[in-house]
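Pulled from TrEMBL:
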BINDING   G139, A177, D179, T180, E185  Ca(2+) binding site
Amino acid sequence: AVKQAYHERFKRSLEEDVAAHVTGDFRKLLVPLVTAYRYDGPEVNTSLAHSEAKILHEKIHDKAYSDDEIIRVLTTRSKAQLLATFNSYNDQFSHPITKDLKADPKDEFLGTLRAIIRCFTCPDRYFEKVIRLALGGMGTDEDSLTRVITTRAEVDLKLIKEAYQKRNSVPLERAVAKDTTRDYEDILLALLGAE
C-alpha cells in the first residue's frame, strides 16, 4: 500500500527513488527491503530459523555486516520466520542479535540493521525511542514525532504510549504537550487520544 501510494503521489516507484538516492551498502540493503514481498502467514520453519541464526552469527562475527546472506534473510523472510530466527540466535548465542550489532555505535549501517531488527522484534519500543529522541535535546524533531504518531495511530500507538510511560515515567501526551504548541499540539494530542 505504501509503494502504491508513493507511486500515485510522485509518479515514480519507491524502489527507483531509493536506488537513485542511496549508494553503497545502504542501497544493497534498502532496495531489496522496499522491493520484497513478504509472506504474512504464521508458519515457521524451525530448522531454517536455526541454520539462518548460525549464518547471521557467523557473518556478524566476521564483521561482514553487508554480506548478501544477511541482506537475503532480512529482506525475504516473513515476520514470523524472522522472529523465530532472532529467538534461535538468542538461544544459541545467549544474547540478542542486536547486541552483536553494537560493535560500533556510531556506524550508521549497523544502526540501520538494528533499527530494521527492532521494527520486527519490538516495534513499540523502537518507536518509543524515536519519539523520546524527537522530544529530547535542543528543540523538537517535528518530522520524526509527526511521522511516528501519524503512521502508528491506527496500528500500535497505544503500545507505544505504554512503552513511553514505562521508560520515561511521564505520559506521552504530557511530553508532547510540553514540547509542542497550538494547532500542531492539538492535532498530535487528538491522535494520541487525549481529551
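Heads up, the Cβ atoms here are built off N, Cα and C, so glycines get one too.
The Ca(2+) site is set by G139, A177, D179, T180, E185; from the centre of their CB atoms, other residues of the chain with a CB within 8 Å are L135, T140, V176, K178, T181, Y184, L188. Of all Cβ atoms in the protein chains displayed, 9 besides its own lie within 10 Å of the Cβ of G139 (Ca(2+) binding site).
Of the binding-site residues D179, E185, D179 has the largest number of other Cβ atoms within 10 Å of its own Cβ.
Considering only the binding-site residues A177, T180, the Cβ with the fewest other Cβ atoms within 10 Å is that of A177.
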